[in-house]
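Please read the structure below before turning to the comments.
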Amino acid sequence: MFMGYTLSELGSIFAMQAFAGLILFSVFVLMSLGLAIIFGQMGVINMAHGEFMILGAYMTYLTSQLFQSYLPGLYGIYFFVAMGVAFLVSGSLGMLVEWSMIRFLYKRPLDTLLATWGLSLIMQQAFRSIFGAREVGVELPEWMMGSLPVTDTIEVQINGLFVMGLTMLIAVAVYLLMFRSRWGLQVRAVVQNRTMAGAVGISTERVDRNTFGLGCGIAGIAGSAFTMIGSTGPTAGQLYIVDTFLVVVFGGAASLAGTIASAFTISQAQSTMEFFMSGSMAKVLTLLVVVGILMLRPEGLFVLKVRR
Amino acid sequence: MSSSDDRQDKMSATRRAVLQGMAALPLASAVPATTMFASAARADTPPTSAVNTTGLAVTDTEVTVGILHSVTGTMAISETGSVQAEKLAIEQINAAGGILGRKIKFIQEDGASDWPTFAEKAKKLLVQDKCASVFGCWTSASRKAVLPVFEQYNGMLYYPTFYEGLEQSKNVIYTGQEATQQIIAGLDWVVKEKGAKTFYLLGSDYIWPRTSNKIARKHIENFQKLKVVGEEYFPLGHTQFNSAINKIKLTKPDVIYAIIVGGSNVAFYKQLKAAGFDLSKQTLLTISVTEDEIQGIGGENIAGAFACMKYFQSLDNPNNKAFVEAFKKTYGDKIVIGDVTQAAYLGPWLWKLTVEKAGSFDIDKVAAASAGVAFDKAPEGYVRIHENHHLWSKTRVGKAKADGQYEVVFETADLVQPDPFPKGYQ
């Protein structure tokens with residue numbers, strides 16, 4: 001397929017392809033971070049993760065509508081406000097869900113799977129009743145569209161850069177929060193030994209609620225960012241959930257670094273293969289490779305060395 | 001501005017009044033001779049025993065039909081418009097006096113985006129409710145699931161979606177276009193108008209895009225003697241198209257031919273635009289994006305692309321103006337009407353005309369009478385049912401505008417013959 005192209009043409013295609021892989025990597029990290037926090041730190045399998053993302057997308061839609069009607073002059077920056085709103089709303093709903101449902105199920109991890117799956121169905125129908133069954137179009141400010149020409153033949157997408165920047169920011173923030181703050185220390189203490197953590201005066205219930213809220217909030221931000229590249233409809237969350245679980249499980253459920261490594265591996269594999277073969281075949285091969293590796297390393301890429 | 005609007009309102013109000021007046025005409029002229037009117041009314045409403053010999057749900061005053069679409073699940077996005085259109089048509093038929101003097105009553109069932117559920121509900125509508133006809137289904141998968149049910153229990157299905165063809169049944173009337181109707185005219189147009197030489201075919205990975213692209217490829221390679229430089233498929237719900245877009249950049253096709261559906265559509269057009277494709281320079285032809293989909297994609301992301309189908313909301317003819325107005329009056333000003341919605345609207349009307357032609361609700365008689373039934377009040381213009389139970393219809397090419405509407409840039413001179421089993425395209 002490379003016959004008849006000049007070297008510079010090929011060079012720029014490879015550069016753009018590398019960039020496409022990096023965008024996919026950022027997207028994967030962004031969508032799986034929230035799930036990884038909840039799954040890894042609390043052992044809860046949140047099947048409604050996709051719906052929390054779409055909640056964030058709908059919040060972005062509402063914010064854009066509000067700005068259009070009341071603050072048209074500030075429309076260029078509405079997206080930043082929207083991400084904040086998405087974080088707060090998804091996070092608050094996450095805390096509410098934890099308080100009303102999840103906390104009764106910590107001793108029955110498989111039941112959380114069923115409960116959150118039910119929650120995802122409820123949320124989908126709620127979206128459908130409130131916003132209608134049809135997809136909504138989220139309009140972007142003009143500056144976020146299009147691409148930047150780097151050279152004559154290489155162009156990079158502005159929204160791709162935006163997603164990459166955002167992912168980096170959130171990943172760093174999560175790292176600082178989990179590993180450099182007092183709150184993170186508490187979270188890790190609860191993960192390692194709930195009884196002892198309670199005995200030394202950590203309110204484990206509050207830590208749980210905040211952790212769940214944080215995970216859902218990050219999902220909300222991810223959903224908000226994905227309005228740039230995907231659709232916003234009642235069931236759009238389902239589009240992301242498989243990839244999200246794939247990344248988290250492949251990376252080793254309990255490890256945030258594993259999540260990032262796994263997102264990198266899967267995204268690079270997928271985007272390279274997609275370039276050389278049809279999209280469907282690339283997906284099949286990616287899944288096969290992941291299944292193969294998981295058979296060799298059932299706990300995922302990164303395993304926490306703990307004595308069980 | 002406002003005065004012209006007023007005039008338009010008044011004009012359509014008059015048109016409605018005339019229609020209603022025509023329906024009420026026997027009444028007005030028969031005021032002095034009441035007996036004559038009574039006998040006329042009897043002639044209008046033939047006895048149930050005469051028009052229903054197979055035990056369908058038909059009474060002296062009512063006939064029951066079914067509506068079978070997904071109002072929950074993934075497909076609700078697409079099928080909502082069809083439900084609305086079918087209900088509107090039924091309402092209008094009832095307001096104009098019903099069918100053979102009987103009002104239409106509908107029973108709505110939810111297929112829930114699940115094919116076995118569709119089959120189960122179809123059976124319920126036919127066996128338990130004895131529906132005289134059913135308007136429904138959207139995806140080919142749901143149609144394939146209900147087809148044996150309709151054939152076994154002898155029901156009548158009016159199916160609204162443009163689809164891949166390769167099917168024909170006594171028990172189904174296909175009110176959307178089959179693949180050759182939709183594809184060939186569009187390809188011919190793009191070659192003639194844009195001087196296209198090379199094509200890149202894209203699609204979601206299931207039967208309709210694959211069959212359609214197969215027909216497109218045969219037409220391009222065997223009949224137009226031009227070149228397909230790439231063809232590829234993505235799983236339903238795929239959201240990352242950057243690699244595919246890079247491949248398109250590498251191959252530089254004259255035309256991107258896209259049959260991507262659902263949420264993937266939104267991702268594809270947004271990423272295409274972000275990657276620097278200017279659709280006013282790069283020709284893109286699609287057969288899967290109606291006005292409904294543009295709402296999700298955003299008009300600014302797809303402006304300049306061409307779509308090939310039989311109906312656009314912006315069609316400029318009196319039938320369509322009245323239809324759009326009635327639709328907006330019922331469902332609100334912001335609603336948009338896509339190709340399938342219009343095709344769904346045709347279902348109840350075509351059934352009414354066929355029943356009246358057959359003089360009976362019996363399924364066998366309706367099926368036999370279908371060929372040749374013509375509907376000249378169709379929003380898309382005149383349509384006629386072919387012997388193969390598909391519709392003769394015109395094919396049009398529209399150019400997407402930033403406001404989410406299409407501007408019609410081409411329309412076939414004549415009705416295109418439906419050809420569900422095209423020779424030379426298999």
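Keep in mind that glycine also has a Cβ here, set from the backbone N, Cα and C atoms.
Same-chain residues lying 6+ beyond the ends of the transmembrane segment (A:12-40) with a Cβ under 8 Å from its Cβ atoms: 5, 46, 49, 52-53, 150-151, 153-157, 160, 163-164, 166-168, 170-171, 174, 178, 211-212, 214-219, 221-222, 225-226, 229, 240, 243-245, 247-248, 251, 253-256, 259-260, 263-264, 266-268, 270-272, 275. Sequence annotations record features per position, and here TrEMBL assigns transmembrane segment to A:12-40 (among others).
Taken from TrEMBL, the feature transmembrane segment applies to A:52-71 (among others).
Residues or ranges marked as transmembrane segment by TrEMBL: A:77-97 (among others).
What TrEMBL records for A:158-178 (among others) is transmembrane segment. If one looks beyond the transmembrane segment (A:158-178) by at least 6 residues along the same chain, the residues whose Cβ comes under 8 Å of a Cβ in the stretch are 19-20, 22-23, 26-27, 29-30, 33, 37, 83, 140, 143-148, 184, 187-188, 214, 218, 221, 225, 228-229, 256, 260.
With a cut-off of 8 Å between Cβ atoms, the residues of this chain six or more beyond the transmembrane segment (A:212-233) that come close are 27, 30-31, 33-35, 37-38, 42, 44, 46, 49, 52-61, 79, 82-83, 86-95, 97-98, 102, 127, 133-138, 140, 144, 159, 162-163, 166, 170, 174, 177, 239-240. The feature transmembrane segment is assigned by TrEMBL to A:212-233 (among others).
For A:239-263 (among others), the entry in TrEMBL reads transmembrane segment.
The annotation transmembrane segment is assigned in TrEMBL to A:275-296 (among others).
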